[in-house]
Amino acid sequence: MKHFEANFDGLVGPTHNYAGLSFGNVASLNNAALVSNPKAAAKQGLQKAKALADLGMIQGMLAPQERPDLNTLRRIGFSGSDAQVLQQAAKTAPALLNACCSASSMWTANAATVSPSADTRDGKLHFTPANLVDKLHRSIEPITTGRILTATFNDPHYFYHHNHLPEHNSFGDEGAANHTRLCQEYGHAGVELFVYGQEATNPHAPKPLKFPARQTLEASMAIARLHQLEEDNCVFIQQNPAVIDQGVFHNDVIAVGNQNVLFYHEQAFLNTQAKLDEIKRKLDTELYFIEVPTAKVSINDAVKSYLFNTQIITLPSGEMAIIAPTDCQENPAVYAYLNELLSLNTPIKQVLYFDVKQSMQNGGGPACLRLRVAMNEREVAAVNQHTLLTDALFTRLNTWVEKHYRDRLSTEDLADPQLVIESRTALDELTQIMKLGSVYPFQR
């Protein structure tokens with residue numbers, strides 16, 4: 001049976017804006033209050049996804065969340081009509097309104113952690129939505145995320161959906177952005193790397209001083225248990241707290257893996273050599289550990305360009321390619337390194353550049369925009385086929401974006417009652433296009 005790694009990219013929602021909500025994410029903070037272009041953002045995301053589909057990759061799309069989130073605003077005491085709720089929030093608590101309008105679900109690397117059936121004791125594909133408790137604007141996502149994942153991977157014979165972890169900082173979980181999987185072939189049992197920022201229950205363990213560590217060891221271990229992984233299938237690695245304090249808020253900003261390749265910065269981890277040795281012990285295959293030295297690419301350049309927030313994909317030919325943002329081309333040190341990388345003896349043979357600037361300005365590169373799901377042929381056939389990106393779906397989604405999305409959105413526009421109507425109309429139509437059923441609060 002054939003095995004694949006599919007990518008499920010997040011559709012950018014109609015309220016994509018720059019409110020600077022993500023403390024610890026340098027790009028998000030630096031671009032706060034810029035005027036955004038939701039239409040361009042959605043089309044850039046679709047274009048990147050379609051390019052991967054055209055390369056022969058299995059590519060799916062995940063629907064965005066309902067925003068503005070009036071349910072949350074009502075839950076915290078705003079009342080009256082939809083327009084009155086928005087007006088009150090804008091006047092007395094604009095930061096809360098901004099949080100309830102974020103289109104951050106576009107970064108599906110934070111949607112969930114996924115373990116393929118080759119790794120799990122029950123032979124099913126397991127999904128656990130991330131609780132994202134560290135950030136208010138993301139902590140309101142998990143319930144709808146779970147519904148969207150269940151409507152996308154909708155055959156219980158193949159797919160097992162867990163609830164998100166308890167909503168407490170001890171179980172802070174940011175999903176696949178802190179998880180990668182190494183293997184020989186996608187269908188073989190692999191080693192799942194869980195990267196965490198701190199041990200919540202150990203006050204003496206190292207942790208960052210300036211920015212929060214969003215992922216805890218306790219959360220990573222809970223997911224490994226839920227997903228029925230054996231100890232031999234797991235390696236738990238602490239991210240270097242010093243790089244978290246330099247803006248590396250998720251591991252996918254400083255490392256990325258695919259099959260037998262781990263591409264990472266010299267400063268990415270604590271106890272790096274011991275952990276690489278553990279991976280070698282647990283995964284008996286030829287491995288390529290590509291360590292990028294600080295002397296060639298500084299942490300600052302890595303964060304600014306999102307060198308590691310790239311996708312490494314295995315093309316149908318068997319060669320690997322890096323999917324990089326154009327920001328990597330524009331950074332001399334990073335561009336020079338990527339050109340050098342192609343001359344090294346590794347499976348990575350090409351770099352393809354994509355413009356995802358609307359996402360990048362909010363602190364999310366190509367890897368943030370996708371959730372990886374390793375699947376066999378039967379599992380691919382069991383997915384809701386209306387979520388897989390074909391030429392027809394690409395055209396339909398582009399037309400849908402053109403019809404419903406604004407090309408200009410400022411934070412002041414978030415209080416416009418018309419935005420609620422536009423957003424709900426768009427999402428209602430999207431659930432019909434993608435055959436998702438009633439996943440949104442306004443539909444229930």
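Glycine is no exception: its Cβ is also placed from the backbone N, Cα and C atoms.
Positions annotated as substrate binding site by Swiss-Prot: 19-28, Asn110, 137-138, Arg214, Asp252, Asn362. What Swiss-Prot records for Glu174, His250 is active site. As annotated by Swiss-Prot, active site, nucleophile applies to Cys368.
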Distance from His250 (active site) back to Asn110 (substrate binding site), taken between C-alpha atoms, in Å: 9
Cβ contacts of Arg138 (substrate binding site) (under 8 Å, same chain, 6 or more positions away): Ser102, Ser104, Asn110, Leu132
Under 8 Å by Cβ from Asp252 (substrate binding site), counting only residues of that chain that are 6 or more apart: Ala109, Ala176, Ala177, Asn178, Thr180, Phe308, Asn309, Ala367, Cys368
Other C-beta atoms that fall within 10 angstroms of the C-beta of Asn110 (substrate binding site): 29
Recorded positions listed as Leu21, Cys368, least Cβ neighbours within 10 Å: Leu21
Which of Ala19, Glu174, His250, all recorded positions, has a Cβ with the fewest other Cβ atoms inside 10 Å: Ala19
His250 (active site) to Glu174 (active site) - Cα separation in whole Å: 8
